[in-house]
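A quick write-up on the structure given underneath.
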Amino acid sequence: MAVSAIFSQDSNSKRLLIAFAITTLFMVTEAIGGWLSGSLALLADTGHMLTDSAALFIALMAVHFSQRKPDPRHTFGYLRLTTLAAFVNAAALLLIVILIVWEAVHRFFSPHEVMGTPMLIIAIAGLLANIFCFWILHKGEEEKNINVRAAALHVLSDLLGSVGAMIAAIVILTTGWTPIDPILSVLVSVLILRNAWRLLKESFHELLEGAPQEIDINKLRKDLCTNIYEVRNIHHVHLWQVGEQRLMTLHAQVIPPLDHDALLQRIQDYLLHHYRISHATVQMEYQHCGTPDCGINQAAPADGHHRHHHHE
């Protein structure tokens, strides 16, 4: 690992740790304040801050575990733990949303007294904490770490939750209309639900070793046949992801090359540069696949592909 990469990882870890500590501290403070003031909006925003803490923790663990080398028992390393943590966090957040909405409906029809002043103070403090965390995560001009960017987006979305709690507090202080509290708590819960559901689907997809959603495997197979002359057919394609690393195995029927290793390198380079697949295991075959399972993930070149090949 290059020295610059090591310093970058250390910088990411420090910033994520600071943001995680601040967010978690204010999450606990907001939960206590919401319970004491009777504000469901604050409790809903606490759930939203929990999504931020979870996202920051996952990002922090991803940076940490990505520096661990694989061992004989964990040949891909430990990056799958972050995916498992994301799945558990998302499932817990969905449960929190259900509880908040249930309580909001109950509160709307049976209003409770809400202490507007403590609610407003805590909401403002939470907003300032989120602004500071967002600034910490975005500090630096050449930030490229996808985990840090994703965590920053979570914090940014939580700003809306803090603003919602502030609006509810101001309305209660000026008009005494307490139903605004459960109404805004439901709106905040919708934000939580959207993030939690997306996280649940993505983590579940990765745990099932699904292919990265942004890669069209049919297009990938055709691209290999079209852009690499010797490749006649692609089949037995398997693509999955561990953390941020994409892995692939495939069988390629090829014209017998003069240099086997050079052709293999060209295929792997193409997958790396066009699809960011950093680890590809390619089995090259000189005969057409004739076994019953050859149709699995199989692609033949376009009709016009070999018409453009000229043989001396």
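Start at 1 and count along the chain as shown; that gives each residue its number.
The backbone N, Cα and C atoms fix where each Cβ goes, glycine too.
Record features, source Swiss-Prot:
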| type | residues | note |
| --- | --- | --- |
| TRANSMEM | 16-36 | transmembrane segment |
| TRANSMEM | 40-60 | transmembrane segment |
| TRANSMEM | 81-101 | transmembrane segment |
| TRANSMEM | 117-137 | transmembrane segment |
| TRANSMEM | 153-173 | transmembrane segment |
| TRANSMEM | 177-197 | transmembrane segment |
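Contacts between the transmembrane segment (81-101) and the transmembrane segment (117-137): absent, as fewer than 3 C-beta pairs lie under 8 angstroms at sequence separation of six or more. Beyond its flanks by at least six residues, the transmembrane segment (16-36) meets 42-43, 45-46, 49-50, 52-53, 56-57, 59-60, 63, 115, 118-119, 121-122, 125-126, 129-130, 132-133, 136-137, 147-148, 151, 155 of its own chain at Cβ-Cβ distances under 8 Å. Sequence-distant contacts of the transmembrane segment (117-137) (same chain, at least 6 residues past either end, Cβ-Cβ under 8 Å): 15-16, 18-19, 22-23, 25-26, 29-30, 33-34, 36-37, 39, 41-42, 45, 49, 52, 148, 151-152, 155-156, 158-159, 162-163, 165-166, 168-170, 172-173.
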